[in-house]
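Record features, source TrEMBL:
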{"type": "ACT_SITE", "residues": "142", "note": "active site, charge relay system"}
{"type": "ACT_SITE", "residues": "215", "note": "active site, charge relay system"}
{"type": "ACT_SITE", "residues": "552", "note": "active site, charge relay system"}
{"type": "DOMAIN", "residues": "28-107", "note": "domain 'Inhibitor I9'"}
{"type": "DOMAIN", "residues": "135-607", "note": "domain 'Peptidase S8/S53'"}
{"type": "DOMAIN", "residues": "668-764", "note": "domain 'Subtilisin-like protease fibronectin type-III'"}
{"type": "SIGNAL", "residues": "1-22", "note": "signal peptide"}
């Protein structure tokens, strides 16, 4: 008879691995060594291998090899190390940090017309096209690209800028001829990654820059796609598709597969993009908010820091973990952090009940059902499989429904198990041969789910209650679900998406994050083409565009807007462009009312940032806040990094200010203000800022303040004038919270002068 230990090891082998032995299993680590040295690649690689040999024992010499090495904007490498070896290596001179190589995740037309309409400028986007003499290059770090998409045609584009130093890598399905004057570069990274550190479960690797998921093609075309007439998703959202900066060049860095994006590869892609000569890097990926670590162990934050040092702007998605607070990611001050909103177009599917009543649900479905026939309607709990808990059946939990009872019916489920995605619920219904699915979900209805040909729609709690009441009060309830239709001129918009991650930032509450709001709900853009079955007359149709939602979609809107501004103002730095977009953002929807969130409540800056981007207004902001490299180094000081570490990162003899503390972060020259703690008893704090004139000369600006009741805010001086030879002027903002409500108080100060209005949002936490 087997012993208990043998039986236990059979069923639970992983629990018998000792802590000591598991720490000796080699895993992928990133070794970060600060700013790049002057040595060439070959010498740097030799140095890195020599360093590895000091911690890896001779019997494991096969592991003395580099997965990636970084030697342009930053210095370091990634390699297979045990926990002990990583710990030993972190103590070496010249090593700033050593951390496990985590797998980051992808954060997965009309939107640009909507943004321009919201701007209400005295000029048009088109009027600036002929003035844009600077060729902007956007580096997309994503999952690859579909080069044949019409969005990447290069008609009318000039020669590739001579400063471009990148490559167009070939693969079995990707040739150099796939690149052109629009798509000027494409790289892929063929190193497999393992999520658990051993070599048994590897990510799939495609040795080609070609997109296999559809995410990278979508984001790239949103940022800088060429104008394409009559684009649609199988007839939905028909119109002209174009990116925010249609004349910009695109370089794709394929760092992701269907399984995710290794942090070491993402860091390598950032280093390559800087070396290749991009102006802006767009990153719609990130780690879970639960696993955020300090900036010295975050590959995106590290790469973005060095990009900023080299004059390259980095725009990132803020994550899809809303609506809980403290979930925003990619929130370092040198990153432009984006959250998502809807636009003035919705997609709705009609639910027709047997009694003639109709209800509108949110959906993208190409149902073949019609008004001429309805089908039996059943609630999930009434068609449960034997022994299934009612709570699971009412939520379409996998395995909870009886296929015989489901077959041929339209079923109703509620979203009481949010961890079970809409895709899974739809598959549960579809596999059981249901005629359709009505999902009651108050939160998800703001971002329509694409169910393909399967009849699906999503309704809120109030509508769901009426449908359930109809089921309970009728002996033979029936219903049908009609195919989706466009709803133009939808109101209100923009509205903060339910899924968008919220601030404040866990790591730096004294920087207001996210920064800005942009369209990220139901965005039409290019994807991997696919054939779908049309009707008897049309046969199969090729779909080259699709509708997706996420902060992944919001990020390239800001990337495109930034590239547009850079093309008009080529000498502006990343912080100047960010400031222009932030201080001109709108805080009103298309009904003229303050922005709201998906629950209908007024949206706060921890949801919206400073507001929704208005790219045309940002072309002429009047004043900008220049956040300098010194500001970022001070931020690192105030966050607790040592002078030695900071000097390694910046190659300077920088000295931290005396008495550095995190509350001093509030005074770095950022285009918004956040104070994580204002003592209610003492209640007084002064913040400093400086503004740079990029508008007309000889303009006098006057400060006005909007503050909640009880919070006293004073600006000194109240007026500033930019006379000849005066380019930059400082000012102070004093906050007195002794009479304010406890908790976060939000407001703004606005500098108005001539044709300009420069708005600065503040968030003050009174305790």
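Quick reminder: no glycine exception, Cβ is built from N, Cα and C everywhere.
Any TrEMBL annotation is an automated prediction that lacks curation.
Keep in mind the model is a prediction, meaning the values are calculated, not measured.
What TrEMBL annotates, mapped onto the structure for a quick look.
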residue	record	Cβ neighbours (10 Å)
142	active site, charge relay system	28
215	active site, charge relay system	25
552	active site, charge relay system	30
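On the backbone, the CA of residue 552 (active site, charge relay system) and the CA of residue 215 (active site, charge relay system) stand 8 Å apart. The residues of the domain 'Inhibitor I9' (28-107), classed with DSSP into helix (H, G, I), strand (E, B) and coil, number 27 helix, 28 strand, 25 coil.
Cα of residue 142 (active site, charge relay system) to Cα of residue 215 (active site, charge relay system): a span of 7 Å. For the domain 'Subtilisin-like protease fibronectin type-III' (668-764), residue counts in helix, strand and coil come to 0 helix, 62 strand, 35 coil, using DSSP.
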